[in-house]
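Input: a single structure, listed below in structure tokens.
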Ligand code: NAD
Ligand code: IPM
Ligand code: MN
């Protein structure tokens, strides 16, 4: 069981270290994992001049699972695309064909008060954003900035593009996921304006015919963003394209109290998965022991479940997270008056200790 650990940049380093602690704690009495570390993002750019060096990609191909932190900084975001830290992550996802990004959004009872939203709106929220991850305007060509011959002004171009088969495979993934949940899929698109999205809706409807036991609804993305905040409990699986999924999931994070609470799993056809918190490198808090490590720790639980079939261990990690929250441990982003405010390390230690206690 080989795990490649790619901490990346900023708080990626801090939170990933806590997830590694959790993985070690949960396998303390078993065969354990072979964990190696690699470079990605700005950290890789600094050493190799490339945010996704060949050595990292090779190591990823040779691993059974990858634990990723965060990539990019505001500085490298201004460089040409091939030098941006975040593009290392985009290339990793694309190279491994990890087209289905599962982003579960769960409002824990312990954190209802940490959200900016009202208790009666978010209580019981349990949904999954399934974001297509290897297509859309992120990868479509033509793209770039060029100077218009006639007017002499600069023009920026990106292309929203999906093939029918790309839509179909993530559609099937959505319906399969819904069968393990509450049997509802809401497909989110912009079919009223964009041809790509009209095709998206058509193909989702076709796929849905294979799953008569699952309810399929459609929403335009603008309305979906509103319904997500207004009546979040109604959603089960939300399936959407790469760009809409990116945006909707950060918004959905606030249903849980913090972006630091959203884990994710990026999967393709094989068993190998990439496990990544939804948040980024958070330059505003990086290096100060302030980051919430629970998104990364819960991503490692998804790894145990989905890449290694270790359901008991996955549940042990998730239970430990709930346990420390019930004990009142809170990082700054989810702190409330009267809670026990701790740093990244202490939160990670508390989760690891709770795992260790539960495994004895
Ligand atoms: P961000 O997700 O890094 O941060 C957004 C806000 O949420 C910040 O205020 C941050 O402090 C807070 N936050 C995020 N994670 C947190 C955590 N675990 N605990 C507590 N607070 C947390 O998004 P951004 O500021 O727009 O981007 C920062 C950099 O990260 C950019 O260079 C961006 O390109 C990159 N980025 C990378 C990823 C990724 O690697 N998956 C994702 C998003 C952004
Ligand atoms: C995410 C991030 C990335 C994305 C960036 C860093 C390229 O925002 O994982 O959600 O847009 O996919
Ligand atoms: Mn994002």
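Counting begins at 1 with the first residue displayed.
Using the three backbone atoms N, Cα and C, a Cβ is placed for every residue, glycine included.
If you look up TrEMBL, you'll see 2-351 marked as domain 'Isopropylmalate dehydrogenase-like'. Regional average pLDDT for the domain 'Isopropylmalate dehydrogenase-like' (2-351) in the model is 97.
Within its own chain, residue 93 (substrate binding site) has 101, 133, 134, 266, 274 as residues 6 or more apart in sequence whose C-beta sits under 8 angstroms from its own. The substrate binding site annotation in TrEMBL covers 93, 103, 131, 222.
For 138 (among others), the entry in TrEMBL reads site 'Important for catalysis'. Long-range Cβ neighbours of residue 138 (site 'Important for catalysis') (same chain, at least 6 residues apart, Cβ-Cβ under 8 Å): 90, 242, 243.
Look at TrEMBL and you will find 190 (among others) tagged as site 'Important for catalysis'. Reduced to three states, the DSSP call for residue 190 (site 'Important for catalysis') is coil.
As annotated by TrEMBL, Mg(2+) binding site applies to 222, 246, 250. Reduced to three states, the DSSP call for residue 246 (Mg(2+) binding site) is helix. Non-local neighbourhood of residue 246 (Mg(2+) binding site): 131, each in the same chain, at least six residues away, with C-beta under 8 Å from its C-beta.
Around residue 280 (NAD(+) binding site), the same-chain residues six or more apart in sequence whose CB sits under 8 Å from its CB are 10, 70, 71, 72, 86, listed in sequence order. In the three-state DSSP scheme, residue 280 (NAD(+) binding site) falls into the coil class. Taken from TrEMBL, the feature NAD(+) binding site covers 280, 281, 282, 283, 284, 285, 286, 287, 288, 289, 290, 291, 292.
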Exercise. So among the binding-site residues 282, 286, 290, who's got the most Cβ atoms within 10 Å?
Worked result: 282
For this session: Filter the candidate list 222, 280, 282, 284, 292 of binding-site residues, keeping only entries whose CB is under 6 Å from an atom of ligand 1.
Result: 280, 282, 284, 292
Exercise. In Å, how large is the greatest distance between any two Cα atoms among 280, 281, 282, 283, 284, 285, 286, 287, 288, 289, 290, 291, 292, the listed binders of NAD(+)?
Worked result: 15
Seminar exercise, completed: Of all C-alpha pairs drawn from the substrate-binding set 93, 103, 131, 222, the farthest apart lie at a distance in Å of 27
